[in-house]
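Taken verbatim from Swiss-Prot:
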| type | residues | note |
| --- | --- | --- |
| BINDING | HIS119 | chlorophyll a ChlzD1 binding site |
| BINDING | TYR127 | pheophytin a binding site |
| BINDING | ASP171, GLU190, HIS333, GLU334, ASP343, ALA345 | [CaMn4O5] cluster binding site |
| BINDING | HIS199 | chlorophyll a PD1 binding site |
| BINDING | HIS216, HIS273 | Fe cation binding site |
| BINDING | HIS216, SER265, PHE266 | quinone binding site |
| SITE | TYR162 | site 'Tyrosine radical intermediate' |
| SITE | HIS191 | site 'Stabilizes free radical intermediate' |
| TRANSMEM | 30-47 | transmembrane segment |
| TRANSMEM | 119-134 | transmembrane segment |
| TRANSMEM | 143-157 | transmembrane segment |
| TRANSMEM | 198-219 | transmembrane segment |
| TRANSMEM | 275-289 | transmembrane segment |
Amino acid sequence: MTTIQQQRSSLLKGWPQFCEWVTSTNNRIYVGWFGVLMIPCLLAAAACFIVAFIAAPPVDIDGIREPVAGSFLYGNNIISGAVVPSSNAIGLHFYPIWEAATVDEWLYNGGPYQLVIFHFLIGISAYMGRQWELSYRLGMRPWICVAYSAPVSAAFAVFLVYPFGQGSFSDGMPLGISGTFNFMFVFQAEHNILMHPFHMAGVAGMFGGSLFSAMHGSLVTSSLIRETTETESQNYGYKFGQEEETYNIVAAHGYFGRLIFQYASFNNSRSLHFFLAVFPVVCVWLTSMGICTMAFNLNGFNFNQSVVDANGKIVPTWGDVLNRANLGMEVMHERNAHNFPLDLAAAESTTVALSAPAIG
């Protein structure tokens, strides 16, 4: 009894030291309580992803006994390779390795995909919490983790919400380059995402954010306060932690205000950097919301055959061109799982060709 109490007391003495180490901001890399969850989850996801990308056997993704190979050892390269999503025969069932009769069955049904995405989603969520935790420890404001929530929401949209809405993890995004593009093509074919306003906002956020980042960086670099000679690197003119400003915001404001017009230029550094952060973040949030709505088939705008002349004859538009492309992609994907896409199998015929030549 005495021995057991001594062991417990020694463990209790070590616990406060462990807590202090986990929450210490003096470590070279901050761990944090969220890090205790993040590190094993991301390591598990990375390890399974690497092994599956190299050596996983083909997966029966459509549930029709026609396996699709995605690994290096089965003939793929870095472009065509992927961790193939779990089988449509599994649907939305949670499919850990102990639910399969054998490891071979688990691999055949795409079990590694679920292992990777679940650990990955938990890991990046914990990483976001770790950002908040470190900001809290250092007395900083919490907006870093808020900005990071944009890519986190995108990951949850394509890996979790979309499969939930479609009824199967086989509809999730494959973990590979060509698999990602295949996912994008199929998404366009089935949901017309290019005509969804939230996707348009996301495109504006990505391209606009890149433009604003380049504009800001070039303006700052062009208005640095000279601290060095011509023979020295201008980077030597800045000392880490210096109090004085390293560039002339008045000069940058004056330049940009004259290049476009006065009120297009920020005269407040804080509001400028807030805008640089909030614009792409909000746009990516909107894109994630768009994916989540289209997951439940609330799709993009449909302008098929929407313009007619005085005689009621259809005047083809770019909406009809886009519809024709969508039908082509929809016919090609899962070609052995379905006879026709839903659009072609409908009672009313859909005009595919914009025009046909006269024969005879």
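Positions of Cβ are set from backbone N, Cα and C atoms, glycine also.
Long-range C-beta contacts of HIS216 (Fe cation binding site), restricted to its own chain and to partners at least six residues apart, with a cutoff below 8 Å, comprise LEU272, LEU276. Beyond the transmembrane segment (30-47), the same-chain residues lying 6 or more positions past its ends with a Cβ under 8 Å from any Cβ of the stretch are 21-24, 115-117, 119-120, 122-124, 126-127, 129-130, 132-134, 137.
Taking the centre of the Cβ atoms of HIS216, SER265, PHE266 as the quinone site, the nearby residues of that chain (Cβ within 8 Å, site residues left out) are MET215, LEU219, ALA252, HIS253, PHE256, LEU272. If you look at the transmembrane segment (143-157), the same-chain residues 6 or more away from its ends with a CB under 8 A from one of its CBs are 120-121, 124-125, 127-129, 131-132, 135, 277, 280-281, 284-285, 287-288, 291-292, 295.
Here the transmembrane segment (198-219) has long-range neighbours at 252, 255-256, 272, 275-276, 279-284, 286-287, 289-290, 293, 300, meaning same-chain residues at least 6 beyond its ends whose C-beta is under 8 angstroms from one of its own. Counting only the Cα atoms, the space from GLU190 ([CaMn4O5] cluster binding site) to TYR162 (site 'Tyrosine radical intermediate') is about 12 angstrom.
The recorded positions HIS191, HIS273, HIS333 differ in how many other CB atoms lie within 10 Å of their CB, and the one with the most is HIS191. Non-local contacts of HIS199 (chlorophyll a PD1 binding site) by the CB criterion (under 8 A, 6+ apart in sequence, same chain) comprise ILE193, THR287, GLY290, GLY300. Within the same chain, residues at least 6 positions away in sequence whose Cβ sits under 8 Å from that of the residue listed as 'pheophytin a binding site' are PHE34, MET38, LEU42, TYR148. The Cβ of GLU334 has fewer other Cβ atoms within 10 Å than any other of the binding-site residues ASP171, GLU190, GLU334. It is PHE266, among the recorded positions TYR162, PHE266, whose Cβ has the fewest other Cβ atoms within 10 Å in the structure shown. With a cut-off of 8 Å between CB atoms and residues at least 6 apart in sequence, the same chain places CYS41, LEU42, ALA44, ALA45, CYS48 near the residue listed as 'chlorophyll a ChlzD1 binding site', listed in sequence order. Spatially, by CA atoms, the binding-site residues ASP171, PHE266, HIS273 include one closest to HIS191 (site 'Stabilizes free radical intermediate'), and that is ASP171. In this entry, quinone is bound by HIS216, SER265, PHE266, whose most widely separated C-alpha atoms sit 11 angstrom apart. Within the same chain, residues at least 6 positions away in sequence whose Cβ sits under 8 Å from that of SER265 (quinone binding site) are ALA252, HIS253, PHE256, GLY257.
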